[in-house]
Amino acid sequence: MIKEAIAKLVDGIDLTEQEACAAMDEIMSGTATPAQISGYLTALRAKGETVDEITASARVMRSKALPVPEGRDAMDIVGTGGDCAFTFNVSTVSSIVAAAAGVRIAKHGNRSVSSKCGAADVLAALGVKIDLTPEQTGEVLKRTGICFMFAQIHHKSMKYAAGPRKELGIRTVFNILGPLSNPAGASYQILGVYDEKLAEPLACVLNNLGVKRAMVVCGGTDGKSIDEISLCGETVVCELDNGKICKYILSHEDFGLPACTLASIEGGDSEENAKIARNILSGERGPKRDTVLANAAAALYLASKGSSLKECVNLAAETIDSGKAMRKLDEFVAATQAY
């Protein structure tokens, strides 16, 4: 099937969802050769991925994943990476704040690929044991209301594409599949993308995958894009609400927070980003905290914890300043270290 799929893609013909599903299944099951995988990924990238092709690929990824129980009603706050902005781990810290405010968080992530520090890197530096079994991860989520699903544990079938992807050295559909392949099947999601052109298509994909509510966001500043809500400039949002998708723009004013510069939210390696996270959770003020407040507020809004973004910013701030957020991190660390 993958040979036929490559031939169609080379001719600029879109694949049906069934055809894309069959091709990806050959890749993820190890029956496709490295040359076929490279040819398929390159041809698909050159043609441009459609919503149906991305949906099919994500369905296969999800079907091959080791699932986590207890996570269907949870939320994932995640970015595609690839923006080369080198911000600190905004989505990870925002996830901890949201969890402390009562949102069940099933975060899916990996070690660094395009950034200095991925979600797995910073969580490990914070003391979280990241290599739990799916069953243990489900127990942590049930007990604490937050868990981390390490992609290397849950997506073993990715190994077949690893070599060709590395040798190609270009962005492929796999760059956006990780955030679409939550092993817990989370029904709520904030998905940051590196290019605003991806916002609407990926909102459609999330809808196809059964996600109830989501925001696909792309922040912008100084001609750059970042894969999270930004206070540095405008943020493009495609919001999914039970099958309906609407597109709009957010600025710092919508959150009642001051604007900041991209330089003020840059991070470093895992140890530096862990220190930044602890400082924010301890109540340190500044642009990094404000950026977390904005992203956590979006999560709280999606989870119906407040009627407006500004109200949810206040709830996120109270969660930090009361010590709840730091206690949630400590609880999370202790729960994972029990295994």
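Glycine is no exception: its Cβ is also placed from the backbone N, Cα and C atoms.
Note that the structure is predicted; figures quoted are calculated from it, not measured.
The feature domain 'Glycosyl transferase family 3 N-terminal' is assigned by TrEMBL to 3-65.
According to TrEMBL, the feature domain 'Glycosyl transferase family 3' maps to 73-326.
G79 (5-phospho-alpha-D-ribose 1-diphosphate binding site) is surrounded by 28 other CB atoms, counting those within 10 A of its CB over all protein chains shown. Among the features that TrEMBL reports, 5-phospho-alpha-D-ribose 1-diphosphate binding site is placed at G79, 82-83, T87, 89-92, 107-115, A119.
Sequence annotations record features per position, and here TrEMBL assigns anthranilate 1 binding site to G79, N110. Long-range Cβ neighbours of N110 (anthranilate 1 binding site) (same chain, at least 6 residues apart, Cβ-Cβ under 8 Å): G118, A119, A120, F150, A151, Q152, G178.
TrEMBL lists S91, E228 with the feature Mg(2+) 1 binding site. DSSP classifies E228 (Mg(2+) 1 binding site) as coil under the three-state reduction. With a 10 A radius on its CB, E228 (Mg(2+) 1 binding site) counts 28 other CB atoms from all the protein chains.
The feature anthranilate 2 binding site is assigned by TrEMBL to R165. All protein chains shown were included, and the count of other CB atoms within 10 Å of the CB of R165 (anthranilate 2 binding site) stands at 18.
According to TrEMBL, the feature Mg(2+) 2 binding site maps to D227, E228.
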Could you work out which of the binding-site residues (T87, S91, H108, R111, D227) has its C-beta surrounded by the smallest number of other C-beta atoms within 10 A?
R111
Going by Cα-Cα distance, pick out whichever of the binding-site residues G79, S91, H108 is nearest to D227 (Mg(2+) 2 binding site).
G79
Which one is it: of the binding-site residues T87, S91, H108, R165, whose Cα lies the shortest distance from the Cα of E228 (Mg(2+) 1 binding site)?
S91
For the domain 'Glycosyl transferase family 3 N-terminal' (3-65), the DSSP residue counts stand at 49 helix, 0 strand, 14 coil
